[in-house]
Amino acid sequence: MNSDDGGRGAERGGPSGRGRRGEPPASDGALARAVADASLALLRAGEGGTPRAIVAAASRLLHADIACLYELAGGPRALMLVASEGGGGALDALQRLPLDAPSLAAEAARAGVVQGAPDGEGAAALLDAGHLRDRCGCAHAVAIPIAFAGDLRAVLLCAAAQPTLPQAEMVEIAGALSSLFGMALAAAEPRALRARIEELEQEKRALERTREQLNAAIAKARKTEAALRLSEDSLARAQKIARLGNWDWHIPTDELFWSEECYPMLGLSRDAGALTYERFLACVHPEDREGLMRAVDLALQGERPYCMEYRILRPSGEERLLHTEAGVVRADDGTPLRLIGTALDVTEQRRAEQALRLSEERLRLIAEHASDVIFRMRLGPEGGYEYISPAVLEHTGHPPEAWYEDPQLFLTLIHPEDEGRYFEFVEQMAAAGGRLTFRIIDRSGRIRWISTHITIQRDEHGNPVAGIGISRDVTAEKLADEEREQLLRQLSAERSWLTAVIERSPVGILLLDQSGAQIAWNHRAQELAGIDAPPAQAGAWCLYSLDGQPLPDGEQPSASALRGEVTSSRELALRRADGGTLAVLVSAGPIVDGGGKLLGAVVVFDDITRLKELERLKEEWTSVVAHDLKQPVTTIIGYATQIERKPQVAAAVKTRAGHILASAKRLGRMVSDLTDISQIESRRLAIESAPVDLPALLQAVVERMAGETEGHAVEVEIRGEIPVVCADAARVEQVLSNLISNAVKYGDPETPIRASLERRGDEVQISIRNGGREIPAEDLPLLFERFFRGRAREERAVGLGLGLYIAKGLVEAHHGRIWVESPKGGCTTFHFTLPVGAAPRRDAA
């Protein structure tokens, strides 16, 4: 694009023939100059003059005859003209461009990319491009969307009679200016950025004051050369401290004079030889060299003051950034004679500024994404929120905008019961800040607990000016604390209740930790041990076997419990402190946590001395009864057998003798059962172990019971190889006879009785199966109890209900197991096992 402004034409061509009109500079240099020029123009314009500065910069940098800036209208969907450069009254018809009408600007707004006017008649169809061509003589137009953070801010429409920039370069510059102008239009929003700009302006004014002072010193030096020589040393020291140098370029002779501080800036020594402008340019970074030359030319031509920042490369390769400003000394005819200026190394300053910007950006991102509410508020009569993070919406239900509009909004959210504490905190906060946890009622009516921590910022006089704070929603923590307190109270009550239960329990209770140390016991445990106070030694509750021998440590119930084993109702002896012993029934088990980790053990003692005495009396009575009954029964059986066998006895007498014999035998079996029960319960059942061939024994029992099983087929099944077991053959036969008799008594005569043997691991399993009605499910758990008859009572079967109880005692005396299976609608099967190769104990103790 071209321009009717001769000044801008000179700017494009450059002074002293260094550039020619119509010959565009390199793309990178043009882009850098355009951005720098536009940035400086926007910075100088201030907030109110931003639109005007944008169109002026666009007109100048894009070589446009006309530049128009449109912003989106709030009500109708249209673009409104807010600033223009060139065109005059011809732009009145373009004050408003509807977004849905055909126009170049509307198309750029909709598409979000740079739009160029079509050639020929295509431009006539566009409201803006056609008007600019017909009324203003600008046949070439381009529309640039200006956006920031993804939001369209404005559209820049530029037009020229003839294009002077290559299309690619113009589009690249337009894209860079679009981003820059978008940031400029959005820059009024963040107050933190304005504060930073104000700080930079203050620094700039300070530098300007320094420059003015130096320029004044230079002017004074022209008048008083002698005074200059006297002050050179002081000036050099000041420049060294400030890292500020001054220079003087004598243009006619191309001599360049530097102050002492300029040499280290460029990385050169004082004796580096004569300095010239060309030698200085060699130190400038290649990418900045052309821009520097153009700035010098413009200053010499009087078109623009010289003020430039550029990079230099020291001989070591280190890159530094210099800020230079200068004034031109001219002859009477205006010819430039000298360019006198200052050079300031601003490398660290710009790095610090960049680091500060990055830090501010990081802090902003942290604040924007933090789950806590971060805020800064002014204090005093004009107080209010300067910043509050988006998390406030989640915490209170009110967006940040509501807090900016109404600084008193928070007061309406405080829980009525916490208002007093909150206002007291506010009064104390101005002095030193602090922390407060209180309740609010959010927009939805939910009660939340908020923990706020505020730090006070003060001015140079120590007066509080602002508060920076963080608020965290601690509702979950508060509820957890309340729940924990409730659980602690509940735990305390349960512990008190458990302590009372343990202490008042009628049995002795002893608690041990996982190392076996005794940590608690009740009063009853002390009574059983015969001690008045807690024992000083761990052996106070040492247990003995019933024969009086001390149990090894590893066999103590407490040791078993600490191994994870359970001891149930084991009869042992407790040695009392006075030397006596008590018969006790001991149970013990491990104490584990929810994860199964062993915490300790509990041991329970119950004094069964009285029960043992009653048991002894019962055994004596049973022994006497069994002995006294067995003798007459034996006599009756003997005489009845003789009568039955005598040939001369009448048949009627033999029949009666047979009845007497059967009844006597039944009574004999009852006496034997009572004797077995007595021995089982007193654990004095005699077991005579010897190798037993179970298949042969089973076959013999079936044959001997042929008379009793008459009418029932009995099948023997041997499954696989059956090893020899160590057992009491007579007692095993007693179990088999009992189970087969039950099968005959309750089984279906039409269904055979099946007796089977098979090995299962380290055991041999014997099974007696019969058909018939199943055993009721409620009878199964009681089937092996004493005197339980169940179905036998209903069917009036003969017996005392002791057979299965005795069978269970005999099997367990052999270290075996016995159980029954009776599924509904199926057969009933009794199983018992005998261990392979293990000799059972000689008694059931």
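The count begins at 1 with the first shown residue.
Note that Cβ sites are derived from N, Cα and C of the backbone, with glycine treated the same way.
TrEMBL: automatically predicted annotations, no manual curation.
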Segment assigned the feature coiled coil in TrEMBL (from 190-227, 380-417, 532-569):
190-227
Under 8 Å for C-beta pairs, could you tell me which stretch among 306-358, 359-433, 434-486, 568-620 has the largest tally with the domain 'PAS' (494-531)?
568-620
For the domain 'PAC' (568-620), what are the DSSP-based totals of helix, strand and coil residues?
12 helix, 30 strand, 11 coil
Kindly report the helix/strand/coil residue split of the domain 'PAC' (434-486) according to DSSP, in that order.
12 helix, 30 strand, 11 coil
Return the average pLDDT for the domain 'PAC' (306-358) as a whole number.
89
